[in-house]
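Asker: Annotated transmembrane segment per TrEMBL: 38-54, 83-103, 124-145, 151-172, 184-208, 220-238, 245-264, 284-307, 327-348, 368-387, in sequence order.
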Amino acid sequence: MSASEGEAHIIHFSDGSLEEVNKVDYEVERKKSLHARYYYGIVFFIMNLVAWFFRDYGQTILPWIHYIKACGNEGEDCFHSLGVLRVSLGCFLFFLVMFATTVKTRKLCEGRNSWHSRWWELKAVLLLLSVTLPFFIPSQFVQIYGEIARIGAGIFLLLQLVSVIHFIMWWNKYWTADEETKERCSFGLVMSTLFYVCAICGIVYMYASYASKSSCSLNIFFITWTAILLAVMMVISLNSKVNRGLLSSGIMACYIVFLCWCAIRSEPATIRCETKNQENGNGSWITILGFLIAIFAIVLAAVSTGIDSKCFQFSKNKVENEDDIPYNYGFFHMVFSLGAMYFAMLFISWDLNNSPRKWSIDVGWISTWVKVLNEWFAATIYIWMLISPVVRQNKVMDNHTTASIHA
């Protein structure tokens, strides 16, 4: 009897130990997976710097590339805009391979989870091959990739926009007043006021800095339309039928003011309506700092959008288990592959035949209109998200009324 009890005890102990080991393994795998997203962000950041290097300094520092047949006469087809597109294509291929090899991953115990989170030496070789291959591809195919990259960059902007609006809605819901959290209500009120003050100050600053003369009619139009959108969002948010409060609309107001400012800053410096000329040459510290901030913003946008796959799911009530992966690997790598196309467009200002200045990024009329349209599209989506519940409710009520009449 005691032997059997001892055996049962041993079996029970073994099962308990096994469960504990599994828990530790899941925690370790989860941490490695979460750390991996930063490593991929670093890879993406390095690819941005490599693309910039080939655009601005590659022809001077890497003369041996001239001998590659696909680079054409004096290597012109491997530097400047085409050099950016070749590096972008290599980055795109790397993340495309990662997408194809991790897209169906669901559990931390799968081999594809290990491939996503480990094997960095092998992935370094894969990245090197991916970046090298485009420099042996004829320029005609690289140009075709550039045309496709415009579409991919637009999709990336759309995904980023949805992610930003999802975050704004989450932030608003988190600080919404309820019976138990009065402090949240006060904080939300303070923050909404602060965001609106910042947005209004931004409007005033843009009028003073970029629309001080009547000849700056385009800038006046951009800023005025932004102010109108800001007012419309505030009025709709305060409408009794919508009743969403001012916090989410305040954050969105700051966001569209920021997009408007970025659009105006993307205008060619020679015709930008500024009260002071802020372009002091190709290498001024302000230009360099702005360039580096822009690259960090690209990387941050890719990482934050890549891990935010939940806002693109149709089913929001999925139960998460302990052994589930912390974010969707396939979606993550897909966003980074589109991000590779996006940074290419920023470096060449969305113009395949453009020769940008050194240390410049996303400057030109095409860049300006892309940002303006992105601003208008963001405001339109947000306004629709505010009024869509009311529209649906009215439709349901109309259907009920019609059914009652027929009955």
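Cβ atoms are placed via backbone N, Cα and C, with glycine included.
In terms of burial and nearby residues, how do these features look in this structure?
Answerer: Away from its own ends, the transmembrane segment (245-264) comes close to residues 164-165, 168-169, 171-172, 175-176, 188-189, 191-196, 198-199, 202-203, 206, 210, 219, 222-223, 226, 229-230, 233-234, 236-238, 272, 368-369, 371-372, 374-375, 378-379, 382, 386 of its chain (Cβ-Cβ under 8 Å, at least six residues beyond either end).
Within its own chain, the transmembrane segment (327-348) is flanked in space by residues 33, 37, 40, 44, 47-48, 51-52, 55, 81, 84-85, 87-89, 91-92, 95-96, 98-99, 102-105, 112-113, 116, 146, 148-150, 152-153, 155-157, 159, 294-295, 298, 301-302, 305-307, 309, 312, 354, 356, 361-362, 367, which lie at least six positions past its ends and keep a Cβ under 8 Å from the stretch.
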Asker: With Cβ-Cβ distances below 8 Å as the criterion, list the same-chain residues six or more beyond the ends of the transmembrane segment (151-172) that contact it, or say none.
Answerer: 92, 188, 244-245, 247-248, 251-252, 255, 301-302, 304-305, 308, 311-312, 335, 337-339, 341-342, 344-345, 350, 370, 374, 377-378, 381-382, 385
Asker: Hey, would you say the transmembrane segment (368-387) packs against the transmembrane segment (124-145), going by three or more CB pairs under 8 A that are 6+ residues apart?
Answerer: no
Asker: Give me the stretch from 124-145, 220-238, 284-307 with the greatest number of Cβ pairs under 8 Å to the transmembrane segment (38-54).
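Answerer: Stretch with the highest Cβ contact count: 284-307.
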Asker: Counting only residues 6 or more past its boundaries, what in the same chain has a CB within less than 8 Å of a CB in the transmembrane segment (220-238)?
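Answerer: Here the qualifying positions are 196, 199-200, 203, 206-207, 210-211, 214, 244-246, 248-249, 252-253, 256-257, 260, 263-264, 372, 375-376, 379, 382-383, 386-387.
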Asker: Could you pull out which residues elsewhere in the chain have a CB under 8 Å from any CB of the transmembrane segment (124-145), counting only those six or more residues past its ends?
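Answerer: Cβ under 8 Å, 6 or more out: 43, 47, 50, 65, 68-72, 77-78, 82, 85-94, 97, 352.
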